[in-house]
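A single structure is presented below for examination.
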């Protein structure tokens, strides 16, 4: 029995070898053709991978046509992945993950050089683009944000006004009171969580800086504290708002059947009061609203003395380290960031290019005390540490899971209290932090 | 007395059948209704209300063209046909060998094929992906085809079951006429397996037609989309237009409904003869 | 021509080799090699994409068996497990009555089988539509005067798994039904006739003729359905993503692998799952054998 098993295995291994070599041959044949084509500078064929399944066939095709006016010899192909993070990380097991792609947020900073081509010296490139710190290591930049967003609360002014709230609430207490007033009025769902889709819940994490009132909290202070989720600390205060809203019945009645696309229309039509979502959504909701002026944006309510609206990069665009057409890929990135309207029109944020004009949505805050600032980068040697602790502890700061847990507890589906959840998260945090910083 | 009992039994029989029919059809019928409704009508009417205008095909044309359903259909058919022919040949070959010859390791092989049905394939996907990738097959139609041939071995099982019922005396009399083993397989066994082949076409066909995960992961390119991935894409852009999603659902249902109606008789017979014994 | 002239003994060797080669290579490359690799990864701290990883021994297995959060999700499987039996019962019932004289037989057969033909993505959509507030189910209940009993079918944590297991039952019942139907129809007519002369009623016929003759096929279906229940994945994944207490072990595995990038740990979970499925199957086989 054992012998026959081994025989079978050997035979099979031999065959596999043959198959692999065969496949390898045909592949290398293709490779040579490509190499010939790529002989003369920025020519050849590149594949650009995006998460925008909605506009890959329309807007991106137009971009390619525009791009080809300047670079007629580069053929650009697009692939859109519906579950971008999940699919791209599996594909990154191979060398074949397109030429230009968005750096998945789940790839830790330290591992970035393993997969991506450096785009230039950080100091040099900083003169040209903002928001590079997120994907910079050892003085090299590996990614440039496709847009720069700011984070806060998107709300329907008219719904708030109808409920008697005419000025944007500033503190968590005022915010909850305003939501209660909307509920009392009865025409709209005060705060929509988009629980079922999950990912909109991760938008809450991006307003942490506002709650902390300091640009240092996220990357500088956080990795050096054992009190990340205890009362009085930003995380505790931030998600307390979510919990209280759920507990008081201020969120959608059946969170399990929500739908993101529908929620945009409902917010636009005054059936929803507010959603915590990045600035990129402003344009999308305004486009659906009967009266564009009703849709407004405010900083997340905070007790901090300074109101900071955090600026953060959208996905970072980068070049596959194994790309056979790096020059052409670079040409596309340069064109895409500098000449296309992706950042402002499609991503609803600001252009990452230094000196680009401010978008309309930002102008509303001119003359107010609200500050727009980038988060400070981590201290040297601590790049990506928050992310590492987060993954190891399975907390999921940028995943929907614990936010869902908070909502489930708030509406009474779980027996645990808010403090139980926070204690749990903090314990996991402390344990993993100790493990990773020793 | 007997008559009353008989009538009651009859009543229960038909009542339960009607209930079953109702339960099986209602979820689909509401989708069918919704696919003809306008966005406004959809929002205001009850799901059980038939549409105002049965000829409102706007959702269908939207779903069909924007969703590139024809492309998806083409890819699905290519993959389906190759996989089924492959599975039939491969499955019947190995089943023939395992059923007719006892050799060293045949028990082991049989066990290996049966055990493989129990592996939950979602959990091995990263390992599988690396293998497909090392063969440079990612983003080609060969990736799903090979996976359908290699991992879903229900065909082997069905053929083995059925071969038990084909008497070996047939083989023997053919051997007396000097037929080679290959001739026996090709001229005698394979034709006799016809009912089991129909079963395999249905079971495998349904699995492949409906599989979402494999094409989703292995064929990200847009021009390689199949029906199920095309439908899944509706979730994003049409999330607030359920009537368009419903039309998309109906578009994926119609081809299989036609095939089903056309093959109905063979399906039942195939299962009757191919599944047991 | 040449082949034909070889002795049967040589032919035998050639045909065994030639006919097994491709199937075996496919089977081992795409079914067993991944399992083997997964086994290897389960002893590492691999994150799923890096080029290097370290071996950590049994660390991952220790985590699974010491942290209750990994195992508690198995209780969700119980819902699917229970649904499996209802599914088998219904399939047997319908297969039996449709084996005898019934009007519109083919219509009923077709309708009951049809849900099995549908696409998982379509089913996910159909049942979201079915369970949402003021969706199909609520509307039907209101029409029947049961409006007071409507529920948040996916909202209520005590009901969500019943709803999802129900959807899964709806999807797979037709498959068992058609197999049973086929099995029953292969029983010779004469057996029933003989029984009827002996005065056996329908129940007796079912109990003493039908059930014994299709026992094997029922067992096979049960094994498949139970390992399916343990590894329930697609319906809850498409409909709820495993939230609100509908998390299953496989969803948990996928989450661990792709959201927390702990592929080593996720592989260990998959190995544990595979062992559980194999053990359950073997147990079932043993129990059945003893019964005989």
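Just so you know, glycine gets a Cβ as well, placed from its N, Cα and C.
Remember, predicted model here, so these are calculated numbers, not experimental data.
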Kindly point out the range from B:50-68, B:145-163 that TrEMBL annotates with transmembrane segment.
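Spelled out, TrEMBL records transmembrane segment over residues B:145-163, not the other listed ranges.
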Restricting to CB pairs under 8 Å, which listed stretch, B:12-36, B:77-98, B:110-133, B:145-163, B:184-209, is in contact most with the transmembrane segment (B:242-263)?
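The stretch I would name here is B:12-36.
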Can you say which of B:12-36, B:77-98, B:110-133, B:184-209 has the most Cβ pairs under 8 Å with the transmembrane segment (B:145-163)?
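Per the Cβ under 8 Å count, B:77-98.
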Which bits of the chain, at least 6 residues beyond where the transmembrane segment (B:77-98) starts or stops, bring a Cβ under 8 A of a Cβ in it?
106, 109-110, 113, 141, 144-145, 148-149, 152-153, 155-156, 158-160, 163, 185, 189-190, 193, 197, 200-201, 204-205, 208-209, 215, 226
Determine which residues of the chain contact the transmembrane segment (B:110-133) at the Cβ level, with the cut-off under 8 Å and only residues 6 or more beyond its ends counted.
94, 98, 143, 146-147, 151, 153-154, 156-157, 160, 213, 217-218
Would you kindly list the residues that approach the transmembrane segment (B:184-209) from elsewhere in its chain, counting only those six or more residues past its ends and only Cβ-Cβ distances under 8 Å?
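For the transmembrane segment (B:184-209), the nonlocal Cβ contacts are 76, 79-80, 83-84, 87-88, 91-93, 96, 144, 148, 152, 154-155, 158-159, 161-163, 166, 170-171, 174-175, 227-228, 256, 259, 263, 266-267, 269-275.
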